[in-house]
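Asks: One structure is given below, represented as structure tokens, and several questions about it will come after.
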Amino acid sequence: MAESFVRLEHVFYKYEDAEKYAVKDVSISAEKGEWVALVGHNGSGKSTIAKLLNGLLFPEEGLIKIGHFVLSEKNIWEIRRQVGMVFQNPDNQFVGATVQDDVAFGLENHGVPHDTMVKRVESALNEVGMQSYALHEPARLSGGQKQRVAIAGVLALQPDVIILDEATSMLDPRGRAEVMETIRIMREQEDITVISITHDLDEVLFADRVIVMNNGEIHSEGTPQEIFQQADAMREIGLGVPFIIELQEKLVAGGFETESTVLSEGALLDQLWKLNSNN
């Protein structure tokens with residue numbers, strides 16, 4: 001059996017002066033091209049895992065491996081070449097005077113030749129639908145557009161893994177939808193592993209697999225459908241469920257028995273149509 005592309009094995013991490021571990025005996029894997037969502041309330045350990053995966057922090061115990069490289073002081077730059085991060089606030093990520101300058105910044109730091117750089121910048125901006133804004137000032141973009149440019153900056157570096165660390169939390173619904181659609185298309189085209197750190201439960205529905213964190217440990221793991229079938233268990237640890245799940249619960253309480261938990265409005269409408277046709 002092929003080894004997972006991203007692996008954490010029995011990882012522990014405690015912040016300085018903290019009494020409890022922020023991450024306690026956590027083992028996680030992700031395959032090439034898989035989308036894994038880590039969800040949990042504040043203090044659950046999910047953002048610490050994001051920092052561990054990119055080598056911003058080193059585990060006290062356990063192993064972290066990206067591709068062929070085990071995270072260590074020796075391999076830190078090899079790890080960071082493979083892992084790109086998109087952070088919460090897009091304004092904190094901009095350094096260039098124009099959109100294309102900003103996307104080129106990371107390539108310049110990596111010593112990429114100019115001709116190659118121009119091609120990569122153009123390709124990355126095309127991929128996120130922002131090529132027509134190449135000469136615009138980043139400050140004049142909407143929140144969703146800024147995050148798409150931030151994603152382009154990561155894509156230009158051609159990473160194997162992209163970590164979204166609460167990347168949509170400061171966006172309005174339209175901006176959030178823009179970014180999620182961009183990530184979905186990017187993953188399909190580039191076969192990139194996506195690890196999204198989020199508390200937005202609707203965002204979780206995009207993932208192939210969900211890992212629920214609680215108090216630094218893995219609480220549960222499964223497909224979005226499997227996780228949200230345990231709605232009461234999610235609420236017990238301070239999390240809610242997506243709107244589509246709440247709607248199904250209300251329908252069931254009102255006497256509409258759906259066949260199974262569904263994750264889209266279209267699938268729910270199909271079930272309601274069948275129920276109506278049978279009556």
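Positions of Cβ are set from backbone N, Cα and C atoms, glycine also.
According to Swiss-Prot, the feature ATP binding site maps to Gly40, His41, Asn42, Gly43, Ser44, Gly45, Lys46, Ser47, an assignment based on sequence analysis. Here Swiss-Prot flags 6-240 as domain 'ABC transporter'.
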Asks: If you count other CB atoms within 10 A of each CB, which of Ser44, Ser47 wins among these binding-site residues?
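Replies: Of the binding-site residues Ser44, Ser47, the highest Cβ count within 10 Å belongs to Ser44.
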Asks: These are the binding-site residues: Gly40, His41, Asn42, Gly43. Which one scores highest on other Cβ atoms within 10 Å?
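Replies: Answer returned by the neighbour count: Gly40.
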Asks: In which DSSP state, out of helix, strand and coil, do we find Lys46 (ATP binding site)?
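Replies: Helix, per DSSP.
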Asks: If I take every residue in the domain 'ABC transporter' (6-240) and average their pLDDT values, what number comes out?
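Replies: Mean per-residue confidence for the domain 'ABC transporter' (6-240): 91 out of 100.
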Asks: Mind giving me a neighbour count for Lys46 (ATP binding site)? Other Cβ atoms within 10 Å of its Cβ, every protein chain shown.
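Replies: Counting Cβ neighbours of Lys46 (ATP binding site) within 10 Å gives 27.
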